[in-house]
Amino acid sequence: MQQPDPWLQPGSGAASMSQQLEPAASDAAAAAAEDELPPPPPPPEVVVDAVPGQPAAVHIETTAISLQWAPVEARLVTSVPIALEYHVDFELVMQQVDEKLGLPADRWSVQYMGSASFVQVKGLRPGRTYAARVAAVPVVTTPHEAGEVVLVRSPPSEVVTVQTLPCPPMGQPAPQLASRLKKELKFKWAEPEETGGRLLEYVFEMAPAPEGWEGVGPTPEGFYPVYRGSERAFLAKRLVPGVQYCGRVKAINCEGESAWSPLGVFYTQATVPSWAASDAPFVWDTTATSVTLGWPEPASNGGNVTGYEVEMDDGSGFRHVARAAERQCAVEGLRSGILYKFRVRAENEAGRSLWSPLGEGRTSAVPPGPCGPPSVLGASQTSLTLRWEAPEDDGGSPIQYYQVQVRARTPAARNSHADEWLVMYQGPDLACTIGGLRAGCSYMARAAAVSQAGAGSFGPAAMLQTSPSTPDCPGAPAAAARQQTELSIGWPAPKHDGGTPITSYRLEMCCLGAVEGGRGDGGKGKAKLDPPFELAYLGPQRAAEVGGLEPGRRYAFRCSAINAQGSSGRTARAPPVTGYVLELAQAAALEQHAGGGEEDDLFSPAHQGPECSATVSGLEPHTLYALRVRALNSVGASMSEPDTFRTAPAPPSAPQGLQLQQTTPSGLALAWALPRCDHGAPVTGYQLECARGGRGGGGAAASAWRLAYQGADLHAQVAGLDAGERYLVRARAANTCGWGAWTEALPCSTSPDVPAAPAGLQAKATGTSLRASWGAAEDNGSPVLAYELEVAGGSSSRWASAFRGDATTHRLQQLLPSTAYQLRVRAVNAVGAGPYSDVLQVQTCRAPPSPPTDVAAALVAGSSSSVEVSWAAGAQGGHQAACTGYEVEAGPLRGKGGERRELCPSRATSKLLAGLQHSTAYRVRVRAVGADGAGHGDWSAAVEVTTPAAQPGEAAAPAAASAAVEAAPKVQNRRERGGSGPPRGPLVAKATTVAKAPPRRGWDRFLHYKLGGMRIGSLLPWAIALFLLILVVLLVVAFLF
């Protein structure tokens, strides 16, 4: 059964629905009431209905375009009256046209926003196409809240495309090195900083030319044009390994040529170093065991020499001895007096060179080594025949002779020879016979070798002994005791037993007669002169009892000693010798006075004493002397016959007459005479030594002397000296005995020479000038009087004098911009002009920018100490550097001081100069500053402006104010290869608003108040300091009193 719908049942359903519909009816009624109220009026609108006219180019330059368009007006759309002030600004947007991309919407950049309908857009690139369009933008100047006024700008105008004027290329970078080989260099270069339009080709020049070059000859600067084309690379072939090559490039388009780029300097790949035929090693210094070598610098062939290897040949082949980083080394551990051969090879990054030519060096000779001990070849009672071995090492100099020294060991031998080493032989043989010895005595003998380098040390001593002989006579017998018929006789032993023991003594006696008369035979007749002796005793004892004698008789006794060799002589009855006198005279003087009876006066005592030997010193070498001996006893003196002896040869005396004959800047010519005496051996050679002397003429230290000459001539040339320096020289002579004494040092001076070439020539370039500087030159003994600077290049390839004076810097002006120049300098003294320095290649920068035009100076309203200077940029040529800024100068027309110079950026066309003096006439001028070191351009024409007197209440230095708006946009250009394409960033315009300093009040005004021409603020610190000083003085006075 179907149930009824509850919504249709009467009663509850209808009632509930009516209750639900009542609130809805009330809401609808309220809404209707609201719709009946009037709506709020719409906000006012400022609308630009018309589209500005298409921009038209009225003036086109290489980097600027002047655009003009038809202005439009705005209108106010409002339903209620309202007071609004408004005007129309124009927004100029531009972009560089890219043929591939078209005109992308995101590349438009605002170049100008303002009310003018004419604007000049700067900072564009030459030869480029730019698109421009303008839109009108309403601007409300009445203050209002955001959203109160609706601004409706106009649609953009039609696009206009304008192309800037092309110009010659500018800013060609220097060529770079792409690759290099031993005989090839590949150069590459970038596009110019400013192509000026579409490039056509490049010209590349280099110096020196490739080998076998048959093209166009060199330019005045010495460069060869080797390439012309559109490629930005060039491969130079047939070059020399390890040689420096310079290259430069310039770009050419339809408008002209760029300036030459800076030089690119490169080397071909190096080869191993090479030696000239004269580059043999040479000897700096020698010792007995070392040689200090030096050698010339080899040709590096493009690579830096990193080291040297030295080999030596001592007769057994070459071997490595040293590795050095410099051009010298010391070879140690050599043998003295040996000739060695040396060779050197150099290394660089390319490898090792061939060996240099051979050089020779001999170590210094030293005295020979010791000889072997002497051995006995034969012996006698008074002589020994000796032989010895030569030394193993002669010290590098041939042995000239040998010396043998002997020294007595036994007391008996010392009676005839002093107790010291005595030279008994001097000669060239390895054997000798030494005489004058005593039989049966022991001696020590040793030998030494002597060469030109000096005497060697003595070898070991050998113990030697002469053949034995009979003993010496015993001492005189003497009576020890007396009896009537008996005498006790004793005697001393002999001083020398002859080398073998004494076996017995023989005592003999004879009767001399009666004691009283001294005569025998009872006084009849004379006593016998030689009475017969008879044996009284024979035995080993040195005493005997002699009996059976007659009383009162005188007896004479004599004794002899007996050994295996025989019997000695009998004792003498003469008084003993008490001393000896050795007398000496020159044999030549005796010959001159022979037969004149004056010989005794020529002898002079040389020794006196009881010894039987003496050493006489202080004699002349190789001189014949006569010697004689006097024996003294209690009776008197006896004299021997003179005997002659000749002293041994010795080194010669010093050469005579050392003198300077001629001087040169690098040498001295000297000569000398023979020595006064050669001392028994012919002079075989001379040595000359040289040392640098002090300014005061003082002597040179021993270590400073160096050998300058050795040979047999009586003259020598000392070379390799410094010009104008003081030196000391000395000479000595040599013979087979060695080197003699040096002469006194002779002071000499070399002649002054022309100065050396100045070093360190360098130059700093601007567009039209070069500032050259160099180091002081060595004067070579004569003060430098002037320097001569010469220049070549530009319009002339000849060297021309640019400066002469004593300064070491000079500024060359009025040069051509972007032009290569060569500089060289030399020094001049009283002798003459020295050599030129190395040629310096330098290139001037581009020409400085042109001076600004339309310079004006105007007073700033409301200020009596500020001036606003404005100008227009000068015309820019292709040969000129870009402007990086301006320098503004304001200087009083009268008086000194008060000048002002201010710098401002390159986009500025005005500058506010604040803080100028009141009531002062100023001269104002402006100049541009060039990029890349081009320097300052010329000053503009000066304008004059006079500041007014200070206004009441105005400070002397008001705050800076600027009322100039720059329309100098920065165009950030694409630096792409080819120079075309849209810019990488937006073009930006900068503006400077006007700022005015607030008026000073209160304390600040008081500090700027002038009192007697000076501000109180500047006087206040002095017043405070004076007050503190007075306070301190008062405190000190109060403390003291």
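Yeah, the Cβs are placed from backbone N, Cα and C, and that goes for glycine too.
TrEMBL: automatically predicted annotations, no manual curation.
Feature annotations, courtesy of TrEMBL:
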{"type": "REGION", "residues": "1-45", "note": "region 'Disordered'"}
{"type": "COMPBIAS", "residues": "22-32", "note": "compositional bias 'Low complexity'"}
{"type": "DOMAIN", "residues": "51-167", "note": "domain 'Fibronectin type-III'"}
{"type": "DOMAIN", "residues": "169-271", "note": "domain 'Fibronectin type-III'"}
{"type": "DOMAIN", "residues": "277-366", "note": "domain 'Fibronectin type-III'"}
{"type": "DOMAIN", "residues": "370-469", "note": "domain 'Fibronectin type-III'"}
{"type": "DOMAIN", "residues": "473-584", "note": "domain 'Fibronectin type-III'"}
{"type": "DOMAIN", "residues": "654-753", "note": "domain 'Fibronectin type-III'"}
{"type": "DOMAIN", "residues": "757-847", "note": "domain 'Fibronectin type-III'"}
{"type": "DOMAIN", "residues": "851-950", "note": "domain 'Fibronectin type-III'"}
{"type": "REGION", "residues": "951-988", "note": "region 'Disordered'"}
{"type": "COMPBIAS", "residues": "951-969", "note": "compositional bias 'Low complexity'"}
{"type": "TRANSMEM", "residues": "1019-1040", "note": "transmembrane segment"}
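Of the recorded ranges 51-167, 169-271, 277-366, 370-469, the domain 'Fibronectin type-III' (757-847) has the largest number of C-beta contacts under 8 angstroms with 169-271.
When the domain 'Fibronectin type-III' (757-847) is classified with DSSP, helix, strand and coil residues number 0 helix, 48 strand, 43 coil. Ranked by number of Cβ pairs under 8 Å to the domain 'Fibronectin type-III' (169-271), the listed stretches 277-366, 370-469, 473-584, 851-950 are led by 277-366. Between the domain 'Fibronectin type-III' (51-167) and the listed ranges 277-366, 370-469, 851-950, the one holding the most Cβ pairs under 8 Å is 851-950.
In the predicted model, the domain 'Fibronectin type-III' (851-950) shows an average pLDDT of 84. Summarised by DSSP class, the composition of the domain 'Fibronectin type-III' (277-366) is 0 helix, 44 strand, 46 coil.
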